[in-house]
Amino acid sequence: MKEYIAKVAEGENLTEEEAKGAMDIMLSGDATQAQIAAFLALERMKGETLDELAGFAVVLRDKAETITPKVDNYIDLVGTGGDRTFTFNVSTTSAFVVAAAGLPVAKHGNRSISSKSGAGDVLEALGVNIMADPKKVEECVEKTGIGFMFAQLFNKSMRYVGQARSEMGIRTVFNILGPLANPSRAKNMVVGVYSPSLTEKVATAMSRLGVERAYVVSGEDNMDEITLTGATTVSEIRDGAVTTFTITPEQFGMKRVSLEELRGGSGGENAKITGDILDGTERGAKRDIVLLNAGATLYVGGVAESMEAGVKLAAEAIDSGAAARKLKELVRVSNT
């Protein structure tokens, strides 16, 4: 590990094989917490290359538990976290809307590392059994169209780096790697990253790892979602190529809002926001950003012929009561 730290400290990039070696040491418990923290901090300062991301992700994915739900088509929508915007859990809320609109979701997520509330915190507060094992998660996806894979349970080797990450309290390469290491090996994904400068790099890494269709998104406010405060950079994986473009709320008939209107809080507070959106109580900006992200996901997953059509399907899923029912179904099946 010392050799890898020394190389990165000099500003040199690791080869893909070296990146695999470094990650394997960290995820096998053979590196000290000081070494892990030093390596992660130096990588962040240097900037992770495409080869490094691919090497890191292969090892993390190979060490993870996997699921193979017996459904024709499923998707993951996930944010990297670490964007420091302290919004409510947009992708977690959107997942129920997407599932209610007919596209199964195999969602991968964690508790909060550098924010107030991660997907795990919110789902637990909503009554979902986040400790479901792989067989139970497969059952959830097959019976309800949505399942949650708790990263700490599916990526048990991550326990070796958990202390260093928590004590650092800043985003690291693991924020990016989480979405790349989805235990369901989803071929379709919508991934939010915390900087527009990362979308193309992450999309290219995902394509190398076998993802066939995806949006990798980042708002100009650095939100790891499609934002309502301004433009969003999108890098799309389609037909083996990566194309980057920008979209705005106005394209979908929505108004720009302030970040303050999208803020969340603790897991319990964000759970209430999610519940209010799903049952139709919330009709403002928080609903709109969920419609936008769910709409994009329905388009990427092939259920909607355009993002605009996806937004309409998402609205119907909420207004019909299907999204609220989907949450109740997941709570019931995950706990039985």
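Each residue's number is its place along the chain shown, starting with 1.
Heads up, the Cβ atoms here are built off N, Cα and C, so glycines get one too.
Small disclaimer: the values here were computed from a predicted structure and weren't measured.
Marked as domain 'Glycosyl transferase family 3 N-terminal' by TrEMBL: 2-64. Break the domain 'Glycosyl transferase family 3 N-terminal' (2-64) down by DSSP state and the numbers are 47 helix, 0 strand, 16 coil.
The domain 'Glycosyl transferase family 3' annotation in TrEMBL covers 73-323.
Annotated anthranilate 1 binding site per TrEMBL: G79, N110, in sequence order. G79 (anthranilate 1 binding site) is surrounded by 29 other CB atoms, counting those within 10 A of its CB over all protein chains shown.
The Cβ of S91 (5-phospho-alpha-D-ribose 1-diphosphate binding site) lies under 8 Å from the Cβ of L77, V78, G79, K107, A119, V190, G192, E225, N293, each of which sits 6+ residues away along the same chain. Feature annotation from TrEMBL assigns 5-phospho-alpha-D-ribose 1-diphosphate binding site to G79, 82-83, T87, 89-92, 107-115, A119.
Residues or ranges marked as Mg(2+) 1 binding site in TrEMBL: S91, E225.
Reduced to three states, the DSSP call for R165 (anthranilate 2 binding site) is helix. Here TrEMBL flags R165 as anthranilate 2 binding site.
Over all protein chains present, the Cβ of E225 (Mg(2+) 1 binding site) has 28 other Cβ atoms lying within 10 Å. The Mg(2+) 2 binding site annotation in TrEMBL covers D224, E225.
In the three-state DSSP assignment, the secondary structure recorded for H108 (5-phospho-alpha-D-ribose 1-diphosphate binding site) is strand. Within its own chain, T87 (5-phospho-alpha-D-ribose 1-diphosphate binding site) has M223, E225, L259, L262, R263, G264 as residues 6 or more apart in sequence whose C-beta sits under 8 angstroms from its own.
D224 (Mg(2+) 2 binding site) is 15 Å away from H108 (5-phospho-alpha-D-ribose 1-diphosphate binding site) when you measure Cα to Cα. With respect to their backbone Cα atoms, R165 (anthranilate 2 binding site) and N110 (anthranilate 1 binding site) stand 13 Å from each other.
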